[in-house]
């Protein structure tokens with residue numbers, strides 16, 4: 001397996017190019033280019049440009065994050081979209097995603113459970129109380145069978161009857177018939193993460209293909225649902241593959257990109273990998289914003305471990321404009337109230353429900 005490359009400041013500064021006198025942290029040429037191309041013109045960075053941003057030294061990190069924040073404000077506005085997620089069916093998945101504790105193929109401590117309708121409704125109500133506009137129902141499956149589709153139909157109808165919130169879904173690889181049914185049920189947005197770039201995907205998953213995932217996303221878009229597609233950074237990919245991943249997502253043009261930071265799970269093949277250094281994670285946020293200037297870029301799993309409170313604040317002022325509140329699928333998040341308080345401290349408004357419809 002390859003390991004992530006973190007290049008020293010002296011090397012990355014030369015690769016990125018700078019303007020100014022020697023010995024100073026002059027603005028790198030790539031950031032000057034991005035200011036014109038992305039901030040002023042709204043055009044995303046290409047692969048080579050995104051790679052240069054990812055190779056910037058730490059001395060340019062604050063300048064990168066400031067530019068990414070300006071891009072986010074200009075092309076997305078200042079509001080932050082909040083979302084809650086709930087696992088309808090946890091554990092026992094037949095797939096071998098090497099990062100995932102829900103795989104039934106690994107000796108992980110996650111046990112297989114299912115929630116009932118009453119639990120889903122209560123979770124949706126609690127999510128709505130935080131100001132969140134999205135509630136995503138997730139199931140640990142390769143793709144849904146008829147029983148799961150019927151459960152989804154009952155759950156969606158029950159939530160819609162009692163809670164004023166958009167419903168999203170993430171239940172794996174779909175057929176055209178299943179896509180059409182979810183659309184009819186009122187699913188607002190469908191999540192199916194690529195997880196990593198195409199070239200690294202075979203190192204992460206072997207039980208299904210990249211093309212199966214992208215095929216589902218194309219059907220979702222064609223059906224008129226919003227596409228939510230992101231992944232995990234820090235799973236051993238190289239910095240070049242991280243740039244490739246940003247462009248893979250750019251080519252899909254999703255509404256939302258959830259950005260997870262690798263959090264090693266006991267019993268999985270990736271259990272011994274180290275989490276990303278905080279500055280690498282922040283640099284990734286800035287680079288992804290410059291490659292995806294108009295997308296919702298959402299803080300997802302792993303931010304508590306990788307970034308902490310200070311890093312999360314820097315991310316929200318460095319390109320992030322959406323967050324998952326509460327817990328994740330197999331890891332603890334943090335109380336939603338803390339995220340609401342943080343947004344207030346940063347003077348970032350929460351996106352209203354009517355702004356998402």
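Note that Cβ sites are derived from N, Cα and C of the backbone, with glycine treated the same way.
Swiss-Prot has this to say about the protein:
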REGION    1-27  region 'Disordered'
COMPBIAS  9-27  compositional bias 'Low complexity'
DOMAIN    78-303  domain 'Radical SAM core'
BINDING   93, 97, 100  [4Fe-4S] cluster binding site
BINDING   136, 228, 298  [2Fe-2S] cluster binding site
Revision key, fill the gap. CA pair residue 97 ([4Fe-4S] cluster binding site) / residue 228 ([2Fe-2S] cluster binding site), Å rounded to integer, equals 19
Practice item. Just name the winner among 93, 97, 100, 136, 228 (the binding-site residues) by count of other CB atoms within 10 A of its CB. Key: 228
Exercise for review: Would you kindly give the Cα-Cα distance separating residue 100 ([4Fe-4S] cluster binding site) and residue 228 ([2Fe-2S] cluster binding site), rounded to the nearest Å?
Suggested key: 19
Practice item. For the recorded [2Fe-2S] cluster site formed by 136, 228, 298, name the remaining residues of the chain with Cβ within 8 Å of the site's Cβ center, in chain order. Key: 83, 85, 134, 168, 170, 189, 191, 230, 256, 258, 296, 300, 322, 324
Check your understanding: What is the Cβ neighbour count of residue 298 ([2Fe-2S] cluster binding site) at a 10 Å cut-off, with all protein chains included?
Key -> 22
**Study point:** Within the predicted model, mean pLDDT of the domain 'Radical SAM core' (78-303)
**Key:** 90
Practice item. Quick one: pull the CA-CA distance for residue 100 ([4Fe-4S] cluster binding site) versus residue 136 ([2Fe-2S] cluster binding site), whole Å only. Key: 18
